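Annotated domain 'Fibronectin type-III' per TrEMBL: 5-107, 111-207, in sequence order.
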């Protein structure tokens with residue numbers, strides 16, 4: 001098997017889900033056989049928004065021939081990763097380069113985990129929601145938009161409300177009685193807005 005590890009391993013983080021890694025080639029005489037390529041082992045150490053540690057699954061990408069760089073796609077935003085590089089010949093892999101740590105920046109969050117509308121009265125509705133399963137960063141706020149829908153399914157004027165990130169419920173007041181409303185709800189990080197969840201509910205006709 002090869003004798004030495006690739007040197008000067010560098011990681012360049014391109015965005016929240018993509019990084020580029022490059023390394024110096026090993027001297028050919030240390031390959032001790034036919035150079036097949038280089039393998040990059042990489043794994044997520046932890047999410048920076050949640051302190052949970054789980055079983056770490058190492059991923060491996062193989063770059064054929066004498067390439068000295070490669071792309072790592074499909075990374076999780078706002079996470080800490082480690083990687084190392086090994087050279088491969090027909091017999092197997094050489095030693096690993098020292099582990100390199102890199103961090104991905106924040107991304108936009110996934111949609112809120114649920115949106116539930118309860119307690120209808122003549123002029124109010126209560127909204128409850130769950131935070132995104134993948135915040136992909138630090139949540140800064142939620143945005144609620146809603147509009148009435150009339151009997152011919154035409155949409156009325158859209159109202160928009162910004163809600164602090166630490167809230168999980170809201171009572172909407174001053175609504176029209178016996179009216180159907182459509183709600184659009186999403187979460188934000190400093191990078192931008194995540195995908196929205198939609199729901200409909202009706203205020204009651206009479207007490």
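A Cβ is built for glycine as well, from the same backbone N, Cα and C atoms used for every other residue.
Note: TrEMBL annotation is automatic and uncurated.
Source: prediction; values computed, not measured.
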Note to self: For the domain 'Fibronectin type-III' (111-207), what's the mean pLDDT in this predicted model?
What the structure shows: 95
Next item on the list: Helix, strand, coil: count each for the residues of the domain 'Fibronectin type-III' (111-207), based on DSSP.
Entry: 0 helix, 51 strand, 46 coil
